[in-house]
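K.L.:
Structure incoming, see below.
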Amino acid sequence: MKNFLQQINSYIKEAFNAGKYLYNGLSVTFDHLRRRPVTVQYPYEKLIPSERYRGRIHYEFDKCIACEVCVRVCPINLPVVDWVMNKETKKKELRNYSIDFGVCIFCGNCVEYCPTNCLSMTEEYELATFDRHNLNFDNVALGRLPTNVTTDPSVKPLRELAYLPKGVMDPHEIPASDTRVGKLPEEVYDWMRPESNKNKDKVSNSNN
């Protein structure tokens with residue numbers, strides 16, 4: 001009789017522990033059911049980076065003293081500092097400064113150790129290009145002020161239009177006659193070309 005009661009007691013404890021574990025797991029699941037979706041339909045929707053986000057590096061040419069500290073602290077010796085020694089002033093004269101963001105790991109060491117604070121991290125993260133050589137930014141491109149995501153014109157319409165219609169991002173079972181959500185590279189190129197060049201192409205095609 002005593003062994004029977006002990007077995008029942010152990011069975012009840014195991015059932016209680018199993019129910020407790022099940023409750024803990026389902027509580028997390030049900031908690032997420034009450035939340036809004038967190039999926040971001042990029043590039044139609046964009047996230048606002050945090051204050052310490054390590055995005056594209058901003059460079060101030062006038063502050064740089066060509067000390068090359070950024071090159072020494074970089075794990076891959078990435079920044080290219082082109083300078084010459086001025087024999088009259090016996091000081092370095094900076095000619096060009098460049099960073100290849102196709103190789104950069106955005107560790108922030110160059111910004112941390114710069115003695116003149118001529119380097120800073122921005123919130124700009126849209127660096128995609130059709131040619132990888134375009135990711136090599138010189139001092140002019142690095143000196144360009146970053147685009148603020150909060151004032152980006154492509155973000156504002158989404159606040160007004162809320163979410164895109166259902167199925168607009170789904171690539172399956174869409175007729176070939178329907179227009180694409182985005183444009184192909186050649187379509188963007190045609191859109192950016194001047195009207196005079198387009199008219200010349202039309203005339204040449206008609207003559208052929």
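The first residue you see is number 1, and the count goes up from there.
For all residues, glycine too, the Cβ spot is worked out from N, Cα and C.
Marked as domain '4Fe-4S ferredoxin-type 1' by Swiss-Prot on the basis of sequence analysis: 55-84. Annotation source Swiss-Prot lists [4Fe-4S] cluster 1 binding site at C64, C67, C70, C114, citing sequence analysis. Taken from Swiss-Prot, the feature [4Fe-4S] cluster 2 binding site covers C74, C104, C107, C110. Under the heading domain '4Fe-4S ferredoxin-type 2', Swiss-Prot lists 95-124.
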K.L.:
Mind giving me a neighbour count for C70 ([4Fe-4S] cluster 1 binding site)? Other Cβ atoms within 10 Å of its Cβ, every protein chain shown.
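P.N.:
A 10 Å sphere around the Cβ of C70 ([4Fe-4S] cluster 1 binding site) contains 25 other Cβ atoms.
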K.L.:
These are the binding-site residues: C104, C110, C114. Which one scores highest on other Cβ atoms within 10 Å?
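P.N.:
Counting Cβ neighbours within 10 Å, the top one is C110.
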K.L.:
Any idea what the Cα distance is from C110 ([4Fe-4S] cluster 2 binding site) over to C70 ([4Fe-4S] cluster 1 binding site), rounded to a whole Å?
P.N.:
4
K.L.:
Determine which residues of this chain, when C74, C104, C107, C110 are set aside, have a Cβ within 8 Å of the centroid of the [4Fe-4S] cluster 2 site's Cβ atoms, and list them as they appear in the sequence.
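P.N.:
What remains near the Cβ centre is I57, C70, V73, P75, I76, L78, P79, I99, I105, F106, G108, N109.
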K.L.:
Which residues, same chain and not among C64, C67, C70, C114, have a CB within 8 angstroms of the centroid of the CB atoms at the recorded [4Fe-4S] cluster 1 site?
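P.N.:
Going along the sequence, the neighbours come out as I65, A66, E68, V69, V81, C110, P115, T116, C118, L119.
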K.L.:
Roughly how many angstrom lie between the C-alpha atoms of C104 ([4Fe-4S] cluster 2 binding site) and C64 ([4Fe-4S] cluster 1 binding site)?
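P.N.:
That comes out at 20 Å between the alpha carbons.
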